[in-house]
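As given in TrEMBL:
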BINDING   A:Cys85, A:Cys88, A:His89  heme c 1 binding site
BINDING   A:Cys229, A:Cys232, A:His233  heme c 2 binding site
DOMAIN    A:216-343  domain 'Cytochrome c'
SIGNAL    A:1-23  signal peptide
Amino acid sequence: MKITHYFILILLCWSCSSESGDADTIATDDSPMTVTNPLLDFTVPSNFPDATYSIIQNPPTEKGFELGKKLFYDGQLASDGVVSCGFCHIQSFAFTHHTHITSHGVDGQIGTRNAQPLHNLAFMNEFTWDGAATFLDTQPIIPITAEVEMNETVSNVIAKLNADDDYPTLFAEAFGSEGVSADRMFKALSQFMVMMVSANSKYDKLERGEAVTFTDEENAGRAVFDTKCASCHAGTLQTDQSYRNNGLPVDPEFNDIGRERVTGLPSDNRKFKVPSLRNIEITFPYMHDGRLGTLEDVLDFYTDGMEDSPTLDDQFRRPDGTLGLDITPEEKVQLIAFLKTLTDNDFIEDRRFAEF
Amino acid sequence: MRKYVALLVGFATLLTACNNNDEPGSIVQDPGSLNLTFENVVIGTSISMNPTSYTNSSNETYTISELKYIISNITLIKSDNTEYIYPVEDSYFLINEDGSKTASLSDIPADTYKGIKFGFGVDPTKYPIESGTLNFIPLAEEAGMLWSWSAGYKFLKFEGNYSSATDPTNETPFRYHVGSHGANLDNYKEITLTLNEFQISSENTASKTIQFDIAKIFDAIHTLSLEEKDDIQVDPVNAPKIAENISTAFSISE
């Protein structure tokens, strides 16, 4: 009976979709394909805010998720047939890359920014370090087409998928009718990515009142965090999703202008997205260009490493005119203990997202 | 089982509701086609690419090497003021002075029409939700209508060379790329044009020409001087001015 419900639900979802005509076919054709493609259960953790991604408009299904996963790990999305999404986004590092500071693309080309972790994407307003993608569905356009990343065209990717032995069938199974298209490819990738919810860290369990307790050090670290970090790293996801200049000195090799590249506004010069700190212990190196290798380096930077510029966030200006946050060495140790409570081992070991 | 039947009936009703584009009571005729051709002009005369030159209101002489723009979301207005919305997923067109300048629309309900609405660029409220906005990416990409570092469209790509009145021998390249700037700013414009009443039917494929006046890119609501700024790409000050100018640059040629 449950499967019947799914079947009807899927039919309803399609009935008003833009692909008119398909609906008729599906309605009259008792295809077993739709019966075996149940909707996946996307549940917002009780300590999380509402999802920003419109699950209703692109509800993850079993087949859509599997297709998205295959695409995510498929080098065909790159010009060299090797550099897949998963090449730089490795699950055991919360979908980041460790061995490079900035990301490496096809032909050994080197990018200018550090691969961001992929988790809780269904709760983010914008994507990439500068917010150049305003929807999860459009984000993959950037790495696919960037010369220093996958250096491919969407047209070529679609042609390759069409010529593939498996993809045409997988697209039909996932979306209920024949057709490999850009829209479907991006929606399948999103179906895979929105399911990547990391909400089972010690921190989460404590927030939800499950049977865990923080050590004294973790509790002390949390208190420091709440007074000195949480104005930007706000809320359960530890980000207010704003763009800020945190005083990182400009690296002349990249001369990265940050969010100004997206908005053209000089007031956005050197501003980057405040990152979520979930799984921060395992997503090194840190900062938009990966210049800092350890959490200790990050905290030392925040107390002693800032460079002034017109767009520097005012929170980093001390009354005496110097720059930085006041965090004692003892507090740094406590903070790091707290930050490690944000590591979610269930997420990085979750077989649903694993390449093999 | 009863619940199952009830749901199926509900589904069938929805299907009917979605497919019903016909006017109640009207005699159903076979649908027809409309070819919309965009003619790029300078003050009423069809343009030629480089080396033909034109002069803008700032007395700057320019040649055109590339002119492309995106037209979308076409709606036809019937003589009774009701509207026929062309299927959104099929309504994205790239107009290229060096390529296709015609948007061929088919399967349009037979009726008398008197107006047309369309978008310049890609509507941010529909991007990327409606399938057409993403399925247009391969074509736009081949035409260089995507930003290289961002996930949005360029709505206009207008490039060439210019020289100023004060230094007429010095040719300098100019580049106007107007599009969306992340979620921060969008330059999508909706344009409505009124036509003389015309019929669309299965026996009568209609053809209409819409003129796009290039001179108005530089001078309409706002005046833009190339000498002041010849490279406008992600420019939160000047790109909206160009988009506003463009919103006045389309007219029907009948």
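Heads up, the Cβ atoms here are built off N, Cα and C, so glycines get one too.
Heads up, TrEMBL stuff is auto-annotated, nobody curated it.
Small disclaimer: the values here were computed from a predicted structure and weren't measured.
Under 8 Å, Cβ to Cβ, and six or more positions away along its own chain, A:Cys232 (heme c 2 binding site) finds A:Thr239, A:Asp240, A:Ser242, A:Arg244, A:Val274, A:Asp313, A:Gln315. With every protein chain in view, the residue among the binding-site residues A:Cys85, A:Cys88, A:Cys229 whose Cβ has the most Cβ partners within 10 Å turns out to be A:Cys85. The most densely surrounded of the binding-site residues A:His89, A:His233 is A:His89 (count of other Cβ atoms within 10 A of its Cβ).
With helix defined as DSSP H, G or I and strand as E or B, the domain 'Cytochrome c' (A:216-343) counts 50 helix, 12 strand, 66 coil. Separating the Cα atoms of A:His233 (heme c 2 binding site) and A:Cys88 (heme c 1 binding site) is a whole-number distance of 25 Å. Taking only the Cα positions, the spacing between A:His89 (heme c 1 binding site) and A:Cys229 (heme c 2 binding site) is 26 angstrom. Note: the CA-CA distance between A:Cys229 (heme c 2 binding site) and A:Cys88 (heme c 1 binding site) rounds to 28 Å.
Listed in chain order, the residues near the heme c 2 site other than A:Cys229, A:Cys232, A:His233 are A:Phe225, A:Lys228, A:Ala230, A:Ser231, A:Ala234, A:Gln238, A:Thr239, A:Asp240, A:Val274, A:Leu277, each with its Cβ within 8 Å of the site Cβ centroid.
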